[in-house]
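J.: First the structure, then my questions, so here it is.
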Amino acid sequence: MRQSLPEDYPNKESVKRTGQALSKRQALAGDSVRFAPLRCICQVLSYARRHLHESGLLRNKAATSRPPRDKESNEMSIRDTQAWKALEQQLEAGMRDVHLKTLFQQPARFKTFSLDAAGIQLDLSKQRWTPEVRENLIALAREADVPNAIQRLLSGERVNLTEDRPALHTALRLPRDAKLEVEGVEVVSEVHATLDKMETLVDKLLDGQWRGATGKPITDVVNLGVGGSDLGPLMVTSALSDFEVKNAHEVSTHFASTMDGSQLADFLSWLNPETTLFILSSKSFGTIDTLSNASTALDWLAKRLGGDEELIKRFHFVGVSTKPEKMTEWGIAPANQLLFWDWVGGRYSLWSAIGLPIAIRVGMDNFRRLLAGAHAMDEHFRTAELEENLPVQLALVGIWNVNFLDIRSHAVLPYDGRLKHLPGYFQQLEMESNGKSVTNDEQQVDYSTCPVIWGEIGPNGQHAFYQLLHQGTQPVACDFLAPINRYNNVEDEHFREDLMAQHRLGLANCFAQSRVLMLGDDAVKSDGTPPSYKRYRGNQPSSTMLFDSLDPATLGALIALYEHKVFVQGTIWDIDSFDQWGVELGKKIATETEEIIATQQGLDSLDDSSRGLIESIWRGQQGK
Ligand code: F6P
């Protein structure tokens, strides 16, 4: 006999409703189609479970404030998608153990896995994947709704869900004649108005027309900022050192970020206060690291130049922030304020007025070329099919490494000394963006997210940590980066030849290292079996990025490539790549701890270790 179903049993209509009854976040994230078929299955499972609980056949789990993701939730994990399961099957069917040397028996791997866009050639053939794995990864991107997410990002939807705002760094590099209206405001004209104000300021400095309080032209600019207000400008000014403005009044740029004052103290020991300008770079204008450096700099100027503090601020300080009122309160004259917008994340802000030190160093034309290069990559990201899309492919291979091959360490290895700050810059970009473990629906993730990003100039790393890459126990994914051309414009012929030979040496090492990491012992023919300590197992995956030369446009495209890679991975992991709540608690506790150290009160509220350490400071500072 056929039993009639209970009223609350999921039927066609209720399943449809569930698919539609999305949380505000999902709706904002355009998540309406995501995992829809799986939601139906889930709802049936949820029904069964609920009734088993009610009948006492299943015990209730202890309630927690943030329950681990389980089948009772309507929110599906990316792990429940068909593509994820297919990838797991591929892993079990041999991909987990297959060696890169075996994969390289497939013909034309380089052609199969090479991509090109905006001046960057990306070789993904040394990754431990096959065309079939790549197909499933693309299917995964589709199931995670990546194509729509890209359009939402670029059109200015509020993709930063926890802070309820867009993440529109791409708008900062739109050309002047572009249009982008976001929530009723035409942003492109605002962006270009700020760029124009920045240009006026840069020209004044480079023409020697910006004078200090005693009338002497400014010769040194010190950027006081930290995190995104430091790392981007620092990295780019170093990377574009060959593009320094020539035939202009010479202005040097310096960076001081550390709150302990050590970098600043060094600069202040030799800079001339009469000719030094400070840029206070802070999106929030509330970061203690920067404000403490600013206060020390102000005291240094006031002590040496004497006179009116207001005057000193007017001649020796520029502010870059989203908070004009805080800059004014600090004493920055409105004419010296450059603004940007809260829809620009700190680690995505070098394209805004935060890039002022870059423009001072390489000139505004080159700064605009940097923006144009990034825009070219944005256009590629927006229009290219997933199969051809560099940021998407870079992201997908990262997902394969982290979530399937379980490789959680990722080294960035530039073969160009000018890119020495690139690993540090990518560290913030990736780890602050995707170092998260809670999904957009506030569920605990049940998969790994961002790997540990680290790195160093490749040739220097060879003499430091490559030993571990070749013979250690950790799997590490590597990104090798190198320009094809270097030194071609050096005027002195002999010097040019020497330097070009050095560049060739660098390239040879770059390719040799990635080859040995891939093939291990098989990279060379050997007569016998070497002892175990001389053996190389290989099978460390890597990507290689080549670019014609390290110029502003290519660098812009390269940075944008990684920004978008981060976004695609964040979309697949279903996390907010644009907030950074994980840094807040430490700041709060530091403020309280500082109070305890300074007042010598409140020690009892701390744990035993912190008490012991603080007492050591007190004893040590009293010379006991
Ligand atoms: O504490 C982390 C952080 O907020 C970063 O995201 C940011 O780049 C950095 O601090 C500096 O912040 P601000 O530019 O507001 O001084």
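Glycine residues also receive a Cβ, built from the backbone N, Cα and C atoms like all the rest.
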J.: In TrEMBL, which of the ranges 1-20, 521-540 has the region 'Disordered' annotation?
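T.: Within the set 1-20, 521-540, TrEMBL attaches region 'Disordered' to 1-20.
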J.: What is the interatomic distance between the Cα atoms of K587 (active site) and E432 (active site, proton donor), given in whole Å?
T.: 15
J.: Would you say which of the active-site residues H463, K587 has the most Cβ atoms within 10 Å of its own Cβ?
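T.: The residue with the most neighbouring Cβ atoms within 10 Å is K587.
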J.: Relative to the Cβ of E432 (active site, proton donor), which residues of the same chain, six or more apart in sequence, are found under 8 Å away?
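T.: Correct list: G227, R347, Q580, V583.
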